[in-house]
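K.L.:
From TrEMBL, for reference:
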- 466-660: domain 'Histidine kinase' (DOMAIN)
- 12-34: transmembrane segment (TRANSMEM)
- 219-238: transmembrane segment (TRANSMEM)
- 250-272: transmembrane segment (TRANSMEM)
- 284-301: transmembrane segment (TRANSMEM)
- 341-365: transmembrane segment (TRANSMEM)
- 371-395: transmembrane segment (TRANSMEM)
Amino acid sequence: MDTKSKSTAGKQVIGFLCFVMSFSIFFSVGLLLLEQPVYGDGRFVLSEAFDGDVQSTQRYQSAVASRFQTLMVDAGADGSFENLSFSSINEDQANVIYWISNSESGKTFSNTNVNLFQESVPEGYNYIVDYRNGNVKVTRDGRDITGQFEFWPIYDLYLERYRADSYDSYEYSDGYESFVESYGWQNLELRMAFSEKIVPTESPWSMYTVIQERFWEQAGTFIALGIAAVLLMVYIFLRKAKKAADQRIAWISGKVWLEVKLILLFISFSIYSGFCWSSYGRRFYKIIALLQFVYYVYVLINDMRYNKGNVFRHNIIRSIMRWYRRREQYKPFQRKLVDRFWLVLGIEAAFLVIGMLLFMISLSSSFISPYYQFVFLVFVVIWIAAAVVCVCVYVKRFRKTVEEMGEVVDQVSVMKAGDMEAKLTLPADSDLYATAQDLNEIQEGFSVALEERMKSERMKIELITNVSHDIKTPLTSIIGYVELLEKEEDLPEHVKDYIKILSKKSQRLKTMVQDIFDVSKASSGEMKLDIEELDLVKLIRQTLADMDEDISGSNLIFKINLPNDPVMIRGDGERLYRVFQNVIKNSLQYSLEGSRVYISLYRDNSWTTVMIKNTSKYELGGLGENITQRFVRGDASRSTEAPAWGFPSRKALPRPAEGTSGWLLTPTCLRWK
C-alpha cells in the first residue's frame, strides 16, 4: 500500500470516528437534558443542573435529607448529644442552622444562638425541616413540600412512611414507629433552617457542594458539547472520506448473510430493551445500550443504501442454492431435475418433522414458561414460512426450466424455418445454457455455409453471364453470315444443307444464350415482371394449342384435366407461358416412349396447383429435389440436345414481384397462392 492509499484510509477512519463521536455526544447530552426529574425517586438528572431554582432540585433535597438523618443519628438514643459537637454541619452556619432537644433529658444543642422553636427563624432562611412527636414536616417559604420526600431510599430519609424490604408491601405508621423506636428518636425534637442563598464556608460538608456539583455538571456539559462541535466540523471537512468509509462498511456488511443480520438486530434490540425497561442499571449503561442499537440500525440502513436489493438476495438459502448449483453443473440435465426433486422432498420432510417437534414443545406447559412457549410458537411460524419459501423457490425454478425448454423447442422450429439470425439467449445459470450456446453455434455454422453457398452461386451466375456475353457477339456475327449464305442462289445442294444445319444450330445457340440471361436475371432479382390478373386455365390451353403439332407428332398420350371455370391468379403471362412451354417440351423429350403425360389443375384452400406428371425414359438415380437445380440432368451421358438449365429456369421465372401472391415449385408441380 503506497503513502497516498494510507493517507486516504486514515482520512476515512478519522472522518467516520468524528461522525460517531460527535453524534454520540450530542445524542447523549440531548437525552440527559430532556430527562425530567421525578420528585422523590432519588435520581439526579442533568436538566436540573441548568434549573435556576436550586432548592427545587433532587440534589438539594438529597442534601437536606442526608443532613437531617445525620443530625438524628448523631443525637443518639442516650440524649447526650456528644457526637453533635463534632458534626461538620456546625461549621456551615451560613447555609444551615438547627436546634435539637431531648424532652426526656432536657438537653439541647444548636449551632446558633437562636432558639428556633421559641423564636422566629432568622431572615434569609426559607427552607424549614421540623421533627416533633415522631412526625416530619418540610416547608419552603411557608408552603408544605413534605410530599416531595415521600419515596426517598432508606439510606437517605423516611418521613411520612417506612418502606419495607418487600416491594409488594408498605408499612405506614406502625412501621415508622418501630423505625423511630429502634433509634431512640421518640424523645427528640429537631428544627433545621436552610438559607435561600448558598455561600461557600469552611465546612467540608457545606451545602455549597450542591452549587459546586451543579457547576461541574454545567461545565462538563459545555465541554462535551464543545468537543462534539469540533468533531462535527472535522467530520464536515472529511465528509467525502466518511462517505467512502460508509461504502467500505457496506462492502463488509454486504458479505454477511441476511439471517445473521436479523439475529444480530434481535440481540441488539434485546440489549437495549433489557437496560431501558429494567429498574436497575445506571443511566450511563442505558445510554450505551441505546447507542449500540442506533448504530446497528445505522449499519443496516447504510447496507441497504449501497447494496440495495443484494441485502435481501444474499442469504443462507441462496448461498446453499449457489453451492448446490456449482456441484450439479457437471451433471446431465435429466439427472439435475431428478436430484432436485429428491432434495426438495427430503428438505420438506425435515421441515415437517422438526416443525412438529417445535409445535409440541410450544404446547407443553409442564416445564416451560409461557414466554418461552410463545417464543417456540414464533419459531414454528418461521419454520413453516421457511418450508413454504423452499417449495416456492423450487416451483419457480422448475417453471423457469420448463419455460426455457419451450424456448429451446421454439428455437429449433425457427431454425427449421430457415431463420439463422435470431439467437437464443438464456441466463448463464440456466440448466439449458450450454444447449442454447450449442444451438447458436449451429446457427452460425449454417449461416456461414449458406453464405458460402450463395457466394458460390453468385460466382456461377457471373461466370455464365460473362461467358454468355462473350459468346453473344461472335454468335451474332455467325447468324449474320449464315443469313447471307442463305441468300446465295448458285450453291451446291450439299452446301445448302450445311447452311440449313448452321442456321438451325445457331438459332438454338441464340435461344440458349438468351435463356442463360433470363436465368441469371431471375436468380439475381433483376428480371422485370409484368404482373397482371390472368386466367390460368386459359393460359394452359393456349400453351397446349401452340404445341399441338409437337404433341400430335409424339407417341405420348396426354391426359388433360382442367376445370371449366376460370381460375384467376396474379402473374406475368408471358413468363408463365414460357414456363409451361418448356416444362411440356421437357416432357415430350424425356418421357418414356408410349407413356402418359398428365396435366391437371386443381384448387386446395388458398392454393392453386398445376401438376404435370410423366414417366422418365432415364434412370434418375435419386436426383429427387435436386432435379430443379442448375446443371442437373436426368441424362448423365448428355446424349440429348436439351440444355441443363431447363428446370432451374422454370423455377426462377415464376418468382413473383413484391406484393404478388406466393409460389412453390416442385419437380412435379407449380403452385400459386
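Glycine is treated like the rest: Cβ placed from N, Cα and C.
Situate these features within the shown structure.
P.N.:
Mean pLDDT for the domain 'Histidine kinase' (466-660) in this predicted model: 76.
Counting residues 6+ beyond its ends, the transmembrane segment (219-238) has Cβ neighbours under 8 Å at 11, 14-15, 18-19, 21-22, 25-26, 29, 33, 46, 49 in the same chain.
Remote same-chain residues near the transmembrane segment (284-301) are listed as 20, 24, 27-28, 31-32, 249, 253, 261, 264-265, 268-269, 271-272, 274-276 (criterion: CB distance under 8 Å, separation of at least six residues from the stretch ends).
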